[in-house]
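Taken straight from TrEMBL:
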type: DOMAIN; residues: 46-181; note: domain 'Peptidase M16 N-terminal'
type: DOMAIN; residues: 268-409; note: domain 'Peptidase M16 C-terminal'
type: DOMAIN; residues: 430-722; note: domain 'Peptidase M16 middle/third'
type: DOMAIN; residues: 828-926; note: domain 'Coenzyme PQQ synthesis protein F-like C-terminal lobe'
Amino acid sequence: MSSKWRDCATRDGIYSFSTFTGHIDKPDLDDRDYRLVDLNNGLRAIVIHDDTADKAAACVTVQVGAMHDPDDVHGLAHFLEHMISKGSELFPEENDFLSYISSNGGARNASTGSSQMDYWFSIGAAHLPGGLARLAAFFHCPLFTESLTKREIYAVDSEYRKNIQNDVRRVLQINRTLSAPEHPYSKFSTGCVESITAAARKLQAETQGDGESTDESSVWTETRRRMVEWWKQEYCAGRMTLAVLGKGEKTFCFYALYNSFLTVYVESLEELTHMVVSLFSPISNRGLDPRPVSTQPVWGPNEMGSIIFIKTVKDYYSLTLTFMIPDQRPHLDTQPAFMISHFLGHEGPGSVYAYLKKKNWLISISAGAEWRNPSVQQLKVSVRLTKEGYGHYKDVLLTIYNYLSLLRLSPSPFPLYHFTEAHTIALLHFRFRERGQPHSYVQGLSAQLAEPHAPEHAVSGTSILRAWDEAAFKAILAVCTPEKGRVTLQAREQLEVIVGADAKWEKERWLGGEYCVQRLDAGVMDKANLPNENPGLHLPQANPFIPTNLSVDRVQVLEPTRAPSCIRRTPISTLWHKKDDQFWVPKAIVNVEIKSPLAYGTPRQALLTRILADLVDDALAEITYAAHLAGLSYGLSNTAKGICVHVSGYNDKLSVLLNMVLEKLKDIQVDSERLKVMMEQASLIMREYENFYLGQPSGLSKTLGGWALMEKVWTPAEKLAEFDFVEVGDVQRHKEELLSKTYIDMLVSGNVLREEAIVLTRHVEQCLSARPLSLSEHPCRRALALPDSTNVIVRRTHSNAQETNSSLAYFCQFGHVADALFRPVMELIGHIMKEPAYSELRTKEQLGYVVLAATTTISTSICLYVMIQSTHAPWYLEDRVDTFFATLRGTLSTMSPEDFTYKKQGLIVKKLERVKNLREETGRFWARIDAGDCDFLRADKDAAAIQALSIDELLAVYDRLILPSAARKKVSIHLLSQQLREVPPQTERPGALVIAEGQDPELALFKRSMPSHSAAVPVDQMSSLSASTQQPAIRLEKASL
């Protein structure tokens, strides 16, 4: 072992381990302590000590996955993922892990990929030891409780059925199916009842005599045996990596190890290290290869040089070109596949994107390498096509191959400035990388540890381009030829003129996707191998947006300011500003909402505003891509109140980008020359609106419920009705009218001084040159104020005839979101309800894979909702929710004071979680500005109110607003599958108003008959904020009109 590694042992002398003593690269402002640790069982871990953390997190990554399923039991790895967390010898209760994590303000999840499996959690920092002990026990003493086998197999099956109509999953499975049969990539990764139990049923059929009755229990027993056998064969410490982020806590924590409790004084990186080693060293190292790799080729001669035509569920057109490339793990410092992706996915002048866009064939492009799976390393270019582009797919394909020829045949040495620029940008991004959510961070680090990085690069990984390797660059390009690639062309309706009259369509076994495989056209193959002669294609030019001024105006403060200050208010604008006082990065964020009642007054106006926003985006794409590469980004979106512009990134040139966006919005001319592009763009909007109704039933029912509770919402269907009546001149007139009279809400945060923020605001006002709206003209959103005893059921049928799932979205409205009494109670009820709802309705009753109970804000109202996606009828699901509510009432009434306090503290930890970066802080501020209440300290006030709540107060609200009562206000959405054979009950629930399919006028009349909540009003805290933060008083001045 290198001299930079030091041998160590735990204090009790039971376990030995090694720590890396060398320097570990980390971002400039990252003051956390890192330690790389190798346990004696082969597990590698990285431990991060953060004095300021209020959330801790951990992730274990196992370097096996669905590709390593037995050939006769597809989905076994996924099944194991479900079973392994359902109790261990140390923590035998089935829901112990879920309950512990959720009660302490945390979250958890797991996933099964092709070649790796992840298990992660986040939790309140003081409770990390208990979470880690439970996580570690998954891997050295899981119970795999036999009585749960059947239930969890059906849980996997429910997840599988949820995705049957998902185009992404369908396309992926078709690509797997059409891989070389002998390669493990061809397996069915998700699994279902049929695939997981196939071997057990075959064995049963072979061993039972003729006429014997089928014993289902033997199927579950044998399948569990195979799973445990697979776990012993494939799971070992040498295939695991671990990342743990924790805080120094001067408190005693306890965790279980070998049925005894040890006391740990968690105070430092040293203590965190010893805790990790003690908890994870019991995992067995079974002497397996660290990472199983298949040496079989993914594609054979039949797969290469082919094109797969795929029929999609949703209406869109897409082309993907895929190549299997050499193993990239030896090239992590130079990343040649990233560099090729950089060129292919570029959107600036001379790019594939720019050329195809001028042809009106392309909507978007993406390119990237998938190299983390050592057995399947791919380079992909994906193009979302217009309808016209679909008809010219061969020309699109040739354009991509022309650009590959341009790269491949470029004179050697390749122009070095391209690498130098990419290296500079990557280094900047890493140096000034801000902290993110702990659970996301440990997931990334844990996966990264499995790659062959130098120990010094355990944190930086592939974030930095360290050298240029032209030979490796050209080696990838050598295999990016039509003979070695494969194309997929996706469309809902594959035209005969494209596919051919003799096309032979097949149906993929597991998800039912229809596809047709052909050899790529010989003419295309011949042209694709020629040198590039397209004058519209060339390499990118130098990037003018790379920042040069990276200085930060840093003034140390005792405590960061908790809210932005309103520093300027005029008849046409309000400016909020927060100078960064805790993250110290040379970055800023500017949010501008341009309000107008014309933006969303009618469905037609809403559609025109959307078309306008898309046209501006379309016009800016090519000229702003360089800014995007250099760490500057913008967003432009239509809202119910107007148009919102968002610009963020390095502050050095942020104002340049903001001006570009605003000037294009103000000056864009929708003339006859752009008619074709505009109408195609409008067609894309139409397809998007149509596709909305083909989405997942669960998400769709929740959205429909939100619409039912809103005072004014224009649905996609209402906007679609206006589509045929829009002409090019309408968009131009709409833009001019919308921008002629506005009000601007603006937030500037980050490395920007007060005076600079005021200058930015004046520039925005001058650019738009609008008249101010009167206060009564300001648009606002409001929710319905449902009266007591409201009980409404809205029934709709899902648009996709093949969707087998129905869904229920069940809403109980509490009241106005500004109600400081109800809001904390509601959030506590939602927090307490989340875990038992999941355990009862999903895990035990197996109602469906998607089950969620939570609180939500719908404009000015606050609600509790339960959402279930299931093959059961929604009215049955509603019965089960009502039963669950009644059962939970009993649980709440017997809850001990200690347990109630425990639950409250878990929610308080969530409410008071500190922001991790500038984007998160700005997002919180803007959410309150956009909502209209400007209540920036709401979380603190809610936390204090939650702390003071009693169980009796909670029960009083529960009885009044959740259990059926004369005061309850409830709306439920029943979204029915067309394949549902049950019919609604003839006798509806007492007092229920049922608005059935085709009764949209009744729904409209119901909404019109309802009162609405008052619009949001800013909290009266201006003076107190100004005093407490010692910010200058509000500046009142006349706008420049």
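Even glycines carry a Cβ here, placed using N, Cα and C.
Bear in mind that TrEMBL entries carry predicted annotations, made automatically and left uncurated.
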Residues of the domain 'Coenzyme PQQ synthesis protein F-like C-terminal lobe' (828-926) by DSSP state, where helix covers H, G and I: 61 helix, 19 strand, 19 coil
Per-state residue totals over the domain 'Peptidase M16 C-terminal' (268-409) - DSSP helix, strand, coil: 52 helix, 31 strand, 59 coil
Segment confidence, the domain 'Peptidase M16 middle/third' (430-722), expressed as mean pLDDT: 93
DSSP residue counts for the domain 'Peptidase M16 N-terminal' (46-181), split into helix, strand and coil: 64 helix, 28 strand, 44 coil
